[in-house]
Amino acid sequence: MDKIVVRGGNKLEGEVNISSAKNSVLPIIAASILSGDKCVIDNAPMLEDVNVIGEILKSISAKVDINRDNNKIIIDTSSIANCEPDSELVKKMRASFLLMGPMMSRFGSFKISLPGGCNIGTRPIDLHLKGFTALGAKVTIGHGYVKGVADRLIGNNIYLDFPSVGATENLMMAAVMAEGETTIENAAAEPEIEDLGKFLNEIGANVIGAGTDTVRIIGVKKLKGTTHRPIYDRIEAGTFMASAAITRSKIKINGVIEEHLKPIIAKLTEMGVDIKIEGESAIVDATKELKPIDIKTMPYPGFPTDMQAQIMAILCSVKGTSVITETIFENRFMHVSEMKRLGCNIKIDGRSAVIEGVDNLTGTQVKATDLRAGAALILCGLIAEGCTEVTDIYHVDRGYVKIEDKFKNLGADIKRTN
Ligand code: UD1
């Protein structure tokens, strides 16, 4: 199994290019099912999760061509023959649940194994299923599967108890061909949802307000193919901003949409990092002394839970006391015990982590417990004395394109071994 070995101590310099967003491309690939036609995704991130969802689509007879030479994905969903994707593949990735909405909308049914994915809490899908029921579907769970059936879907008003990203996306996709109008209130407003709305409209849907807390979907009869370029990955950009901060370096990050990064930029700025935006690039200067801060993760436009572990890595190196409160997932401090093995001083108190900055970290073997945890451990490795070996790196490969190459280009002493 691959691991990443980092020898800490190098300052970073130069430029890094950000890939397209994993959390945009996965729902968009799922939404291509709706088109029943050929969809092309340009500048697609070549990630393990993208391979997995591609294989899942192939398991229902879609044609999927992932071209690594030109970062293009071509999907033809006209040939889909069944609505029961391969269970072993589905269990590999939680985002497989995003196939439910499109399959129900286009074929009137789905049967899908209860999905797996990152080990960060129980992550129920009740909001998705309640929404499908509101649209007229009959949903049952049993024997490890979720089944949905609907002779026809009828638009309705759906109020989400919590602004779930996945539920908002699934319900948008389920509603595009429903009869009449659907309104999703208390919808999640993440930029990736706006991107999905854009894609859906490109294939002929009528979606209004995606990326705000109220999304209206007016049902249409037929959809078609398109070519789409997803937005840049704000979490990857945030992770590289964090790498400049933890190493007290100055780097340039290309592929930054300022609006999407506001919550991250605000907190790094409060910490004392100087961030200048020039078009779609950010110059991140963390060469001045940094200050401890308090952070609470929140739905967008709040501070993203997907940056919680990386910001914690920085704060472990900042003199003074910082507090991070995780409000989105109930089990997202798995990285803390691994960070402590590197010398970080962190105490967990319920949903909060109290971080006391230390003068230095010392490298050892640590385990990536999930995708962002793995990224955060690599960040710690960049400043730890000696070698830090991050094992179970397949988690990181799910969501970062060639992370070691990008850090190597910035001057880090980092390599992948097995
Ligand atoms: C998406 C992102 C993930 C990110 C998360 C929160 C993708 C592929 N993944 O995951 O990277 O960390 O948003 O920003 O886009 N919940 C329920 N019932 C439901 C659905 C969710 O209780 O039916 C709860 C979850 O358990 C969790 C919270 O809502 O505590 C947030 O989950 P959600 O927004 O749905 O996250 P995902 O879509 O799974």
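Just so it is clear, glycine is given a Cβ too, placed from its N, Cα and C backbone atoms.
Listed in TrEMBL:
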ACT_SITE  Cys118  active site, proton donor
BINDING   Lys22, Asn23  phosphoenolpyruvate binding site
BINDING   Arg94, Arg123, Pro124, Ile125, Asp126, Leu127, Asp306, Ile328  UDP-N-acetyl-alpha-D-glucosamine binding site
MOD_RES   Cys118  2-(S-cysteinyl)pyruvic acid O-phosphothioketal
Including all protein chains displayed, how many Cβ atoms other than that of Asp126 (UDP-N-acetyl-alpha-D-glucosamine binding site) lie within 10 Å of its Cβ?
-> 12
Asp306 (UDP-N-acetyl-alpha-D-glucosamine binding site) and Asn23 (phosphoenolpyruvate binding site), distance between Cα atoms, whole Å = 11
Fill in the CA-CA distance, Asp306 (UDP-N-acetyl-alpha-D-glucosamine binding site) to Lys22 (phosphoenolpyruvate binding site), as an integer in Å.
-> 12
Rounded to the nearest angstrom, how far is the Cα of Arg94 (UDP-N-acetyl-alpha-D-glucosamine binding site) from the Cα of Lys22 (phosphoenolpyruvate binding site)?
-> 13
Those binding-site residues among Lys22, Pro124, Asp126, Leu127 lining ligand 1, judged by a Cβ under 6 Å from any of its atoms, are Pro124, Asp126, Leu127
Going by DSSP, is Ile328 (UDP-N-acetyl-alpha-D-glucosamine binding site) part of a helix, a strand, or coil?
-> coil
